[in-house]
Amino acid sequence: MEIASGPSTDSSAARTIPIDSSSILDEFKQQNLPACKPVLKPSYVITTFFLLGFIFLPIGLTTLCASRTVVEIVDRYDSECVPGAFRGNKVSFIKDSSLPKNCSRILKVRKHMKAPIYIYYQLDNYYQNHRRYVKSRSDQQLLHGLKSSNTGSCEPEESNNGLPVVPCGLIAWSLFNDTYTLIRGTKKLSINRKNIAWKSDRDRKFGKQVYPHNFQNGTLIGGGKLDPNIPLSDQEDLIVWMRTAAFPSFRKLYGRIEEDLKADDVIVVHLMNNYNTYSFGGKKKLVLSTSSWLGGRNDFLGVAYISVGGSSIILSIVFLLFHIKIPR
Amino acid sequence: MSGGWERLKGSRSRTTRDSSFHTPAPSRTVTLGRVQPQAPGHRTIYCNDREANLPVRFKGNSISTTKYNFLTFLPKGLFEQFRRVANCYFLLISILSMTPISPVNPVTNVVPLSLVLLVSLIKEAFEDWKRFQNDMVINNTLIDVLQNEKWVALPWKKLQVGDIIRSFCRGAFCHLLVIGPDFLTEFLMLLCHLIVSTFSNSNFAAICYHLSFIGKIEFGNVKKDGFFPADLLFLASTNADGTANLDGETNLKIRKALERTWDYLTPDKATEFKGEMQCEQPNNSLYTFTGNLIFQKQTLPLSPNQILLRGCSLRNTEYIVGAVIFTGHETKTTLAKGNESMGILNMGKVMMNSMNVPSKRSTLERKLDKLILALFATLFIMCLIGAIGSGIFINRKYYYLSLDKAVATEFNPGNRFAVAALTLFTLITLYSTIIPISLYVSIEMIKFIQSTQFINKDLHMYHAETNTPALARTSNLNEELGQVEYIFSDKTGTLTRNLMEFFKCSIGGEVYGSGVTETELGGAQRNGIKVQEVRKSSTAIHEKGFNFDDHRIMRGAWRNEPNFDACKEFFRCLAICHTVLPEGDESPEKITYQAASPDEAALVTAAKNFGFFFYRRTPTMIHVRESHVEKMGKIQDVAYEILNVLEFNSTRKRQSVVCRYPNGRLVLYCKGADTVIYERLAGGNDDLKKVTRAHLEQFGSAGLRTLCLAYRDLSPDTYESWNEKFIQAKSSLRDREKKLDEVAELVERDLILIGSTAIEDKLQEGVPACIETLFRAGIKVWVLTGDKMETAINIAYACNLINNDMKQFIISSETEAIREVEDRGDQVEIARFIKEEVKKELKKCLEEAQHYLRTVSGPKLSLVIDGKCLMYALDPTLRVMLLNLSLNCHSVVCCRVSPLQKAQVTSLVKKGARKITLSIGDGANDVSMIQAAHIGVGISGLEGMQAVMASDFAIAQFRFLTDLLLVHGRWSYLRICKVITYFFYKNLTFTLTQFWFTFQTGFSGQRFYDDWFQSLYNVIFTALPVIIVGLFDKDVSASLSKKYPELYKEGIRNVFFKWRVVITWAWSSVYQSLVFYHFVTISSAGGKNSSGKIFGLWDISTMAFTCVVITVNLRLLMMCNSITRWHYISVGGSILAWFLFIFVYSLLRENVFFVIFVLMSTIYFYLSALLVPVVALLGDFIYQGIQRCFFPYDYQIIQEIHRHEPDDNTRAGLLEVGSQLTPQEERSYALSQLPRELSKHTGFAFDSPGYESFFAAQLGVYAPQKAWDVARRASMKSKPKTPKRN
């Protein structure tokens, strides 16, 4: 054994570490980047909860107040508007186009309603978000009309009698077609049906030069018809309808009343009960609602804010008590 | 010539048996790998004749280790990628999403998949590029080839079979070195090599100089050891008696050229060499070679002794001349790659890349597979629920869906079963996001950066003395480092430096020497005592083997000591009683000592430094140059006649020399273990004995190896009568050893004690402290060594593996009973008997151990077992018992074990106890162990590379294990756990919102989110922050990690990736997804601005997605332990990326046209965007708050304790130390301040002639280190060198 041979020092000199102590890269390599170290101390937890409550409670109260100022009248009319003789077989009533579909409802205003008052129709158990339904439209065609042949997705309402349908697809085909007329006392309330759709939809998604074509001409009629002389961008009913709802229970804007309704006013609604929700047991409701800066009546946000804020403060107190009782 | 071939085959066995340098049949423990069957036939090589070799078309010498080339990269690389199940799954999903049943656009799945593939392929390409560069470096290394009677420097790749080459020991070729991972540099390097390969040698330096001037390339690191470019036939060397290639354990393998070829050294001579060589076909057997050299009409048989293997290096000679036999990929070392036997050879850096990095998967990753499986199961259940729902829901009554007769099968109410089945597939594509596609590639990237940038570049693991940084050879196992529970360590070279230094002595009852050992340092640090550094006095001498300082006896001062007579005897004993052989110049500065063990060399070196310079040995005489014998300045050469040498062996544990002074005085000098010497001391002088005994214990507790020195004056009569018996015994034919021992016994009595020596088996720096830290971290350290039991125990004491408070179980084969049976010689009987004994011992120990375990504060246990017993204990019937016993023990020492046993012990714990194991070693004998363990760590920086080659990580020093495990390992583990659980959480949360939506869509599989949202969710909106966490998250700083090793136990217990943790995250996911879905759903009902307009599906889904992205990113910040600005940038960037994306995207796509602008025009959006994430995170926040307040993790407590300490400063301070590490030798500390604990244990010196040499001998290597060989060699040396050439 050769004991005189020590470890060679220069044979591995090829591997050197470049040391540049000031550079970020070096701090990175030595894992020495400046960092703050958030330690979730009890005091931080308590403070965070307290602050959270402090911020959330006022927001919640404001939101809830805003929601509470909204006055809403909801009237379900789908079963009431079927004549007594047909109560047992609503589907045959609605499918028989020879029968008169008009119907009257009386609404009582409980609280003063400030203009503008929004008229919504609400459908329940209506799956506008079904996969087959959602995709059955052609955005290209809505914008460009017959010039666009990109209607493959409209299946099965793509064409009728060999001619393309504008607007094609199930969504348009099943357009809601109940109509409402409101009368207060003897005077008919004027309903403004303009500007009920989002502006971006009207301007950019529905063509100004696109007119309905070959629409609802088939053997099966799904829903409402369209005036072939009005371009799609002005058919706001259709535009509203085609912004498909996210959930099976949804409201859609029908129009606006631009005068105040006083408390204890009685309003007679003459409606045409055209739309078939009886097949699948859906409900139809008419909603009159005012609006606040936040929109329609929806207490959820307010309640959520208040409960989160409230429970935060309670939690902060609980943690504080624990912290005092069992200090670390 | 086939006749000659036949004859050779027949005579092969005989030649090997006859060869004195070659013991037959390499031991089984060495050739673990399978030897390839040889190709039939043989190859004929015409040396020095390129034309003649041309028709055979031998392969060239260039090697290629790249996996791909330009053409194969894409197909092969993609194939590699699709071997991963996750990628395959996503390919399937992508194909599925092209079909009409898919609810999503194919883009949803194709985009993430292609991005993931792209990143992976880029990584592959980068790595292959690296390999290619390495190949280029190797292929273009220069070597002198004989052409036109001149040595011409050619690159390796131009070498051909049959060429005559010259390989230098030093300065044979220039090696370029690159600083930093700079592409420009690498390009320049390549360019440089290309230039070099085309120009001749003379221009080389100029070019390189030029390039170095550019500042990118540092040139001129001339390699010390020249590596052989191909398998060579050794023809001649500058020193006529052979050359040597290097082996790792600092012992050299000797190769000897055939005498007939010795002359062909100079170019003109070598040109004349025209031989024809017939040899075996290329094969992977490293230790065999058969062939004939037909030369000058004579057939000379060739053996492995004449073969120099590619990648080996040259020592002890200026240069050699050889003929190329096998080239390139046909070399034995290349063929043997991947074969375990590879590890035996010393491969330099040159061959390093041709070895496949062992592919091991971490335990965590295997557990991750289970998690993925669980996710698949969840996916299937979700799809099944949805599918059944869809089958029930579908009905013609929903006339607006137009479900009449012509409808496609997937919606046909007439066949509900088909609807359900098809919906199942629909939903699988919809929910595919539940499997985190980018998880694997993210983890891979994180680990890659962790290993290449953090581990490899850590200054704390950079050894300045050998200029060796740590090296992670694989990036698969980073987090495994954080969970190690058992460490198996080699001793020599790993725990110790294999360097013996004379450290202290006790002469005539007085202790000399003022050093402080590592062990004492460690003990002092444990007790919190600050050790002061004292300056070395000017008398201190530190050379190899001698690290001693005491002004009382140095430089002749011992003459003024009261016990100067004893001193004289002491020094004489050191100078005379040994079997050391001096080499080199006969001056104190230049002489080197060759000894069987480094201990002996250290003792002789000590004598030299005390003024008794042993400088010459003849067969009968020892010449000592004694200075200051009687008075100052007098130097006198004294020749002592050596009459008898009574050898050292393991039973005698002592060594004696009978010598005659020039004045006729007859003295027997004896040195040996204290126990044997004390038995043989003459009566009287009890004080000295007692004091010396106390000193021995003191030395022992300091971890030093002690020897007692004694002498006896012999009268001529006594001697003569004894000598007769001695000669008789020596010449007896039967039981000679035994008889010699008996005769020695007669004279080795009535000894007079002189004193004792203390030799430090120099531990590697910081080993005891490191082991202490590892213990506290809950890691158990086992020492597996080839050394003798005493040495092993001694080192175990020195390293604090064993201490006196421990209960030791020793299972040894060196008992009387076993020896008795062995003497009878019946192998079957021996085996049966030892097995019984071992079984008995094991049972006894186990019972005792269990008894101790039951008692509350029982002592810690330790087990010492030797290789022979281990062999039987590893028997399947006893294995369970051994495992039970050893797992209960705090530390285990296995001595005299073979490499195979090392591997067996490792896999016993690995497989039997299912614990994570780490093996660390430096030598060839550790390779099997390194490969067997979960993690193999090699000690690098020394010459032997074989352990490093087989390892997963290479570090320069044992003590770097603390950093590797406690800092890097723990962080890696923590980070990877966080990354995995976070991936799991974010994908589950996202997919669950989708799932809740399914219930509201009549189970139709309508997607909630837009295609692109879904596809970019994983790869853009949530990808980067988690990688940042995987790189930067630190719970506590590096210094605290080492200060509180107990933190490591969290990794061992796998606290952060238990099913409980996963389930907690899963609950969090369910909670959050419910919050997202229902809060957004409920709050969105009704008019949403003051003009009463209503949101559609895409408005609401965009709202929900915004909430998800914000929450998921903020959740990441909540789980960070340290937040750098990169966290802010990445989290903020991800959220911002989403908004930028949707701003642009909503202008382009019809269905989500303008949604974000519509949304942002309402106050509702801002209220929800504040509320929903807060509520979603509140649950986690409360959980974290409660967990932290009432059930904190250990690291959290440490965090709070050290909350106010900035860790940057400590780190910066260490950085300076790191860059200028002071050598341990230069430190010395005040001994007086150290606590004293006396040890019952006194180690004794004398390393065995070396397990390593035994091992080497098995390989057929001549190891000239037998003690009894010394005299013979001395006589050879004394002869003047006669020129060998005739």
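Easy rule for this one: first residue shown is 1, then count along the chain.
Placed from the backbone N, Cα and C atoms, the Cβ positions cover glycine too.
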Where TrEMBL places transmembrane segment among the ranges B:86-104, B:181-199, B:865-883, B:979-997
B:979-997
Where among the binding-site residues B:Arg705, B:Arg896 do you find the Cβ with the fewest other Cβ atoms within 10 Å?
B:Arg896
Mean per-residue pLDDT computed across the domain 'P-type ATPase C-terminal' (B:948-1192)
91
C-alpha spacing of B:Asp926 (Mg(2+) binding site) relative to B:Arg705 (ATP binding site), in angstrom
25
B:Arg896 (ATP binding site) and B:Asp922 (Mg(2+) binding site), Cα-Cα, nearest whole angstrom
17
Determine the most Cβ-crowded residue among the binding-site residues B:Thr492, B:Phe648, B:Asp922, B:Asn925, B:Asp926, using a 10 Å radius around each Cβ and all protein chains in the structure.
B:Asp926
For the transmembrane segment (B:1126-1148): best-contacting stretch of B:371-394, B:1017-1036, B:1057-1080, B:1095-1114, B:1154-1178, by Cβ pairs under 8 Å
B:1017-1036
Check the transmembrane segment (B:1154-1178) against each of B:371-394, B:417-441, B:979-997, B:1017-1036, B:1057-1080 and return whichever range has the most CB pairs under 8 Å.
B:1057-1080
CB within-chain contacts under 8 A for B:Asp490 (active site, 4-aspartylphosphate intermediate), separation at least 6
B:Val783, B:Leu784, B:Thr785, B:Lys902, B:Ile920, B:Gly921, B:Asp922, B:Gly923, B:Asn925, B:Asp926, B:Met929
Recorded stretch, among B:371-394, B:417-441, B:1017-1036, B:1057-1080, B:1095-1114, maximising Cβ pairs under 8 Å relative to the transmembrane segment (B:979-997)
B:1057-1080
State the residues, same chain only, that lie 6 or more residues beyond the ends of the transmembrane segment (B:1095-1114) and have a CB under 8 A from a CB inside it; answer 'none' if no residue qualifies.
985-986, 989-990, 993, 1008-1010, 1013, 1017, 1021-1022, 1025, 1072, 1076-1077, 1079-1081, 1084, 1088, 1131, 1134-1135, 1138, 1142, 1146, 1151-1152, 1155-1156, 1158-1159, 1165, 1168-1169, 1172-1173, 1176-1177
Tally of helix, strand and coil residues over the domain 'P-type ATPase N-terminal' (B:45-109) according to DSSP?
31 helix, 2 strand, 32 coil
DSSP says B:Thr492 (ATP binding site), in three-state terms, is strand
If you count the other CB atoms within 10 A of the CB of B:Gly786 (ATP binding site), including all protein chains displayed, you should get 28
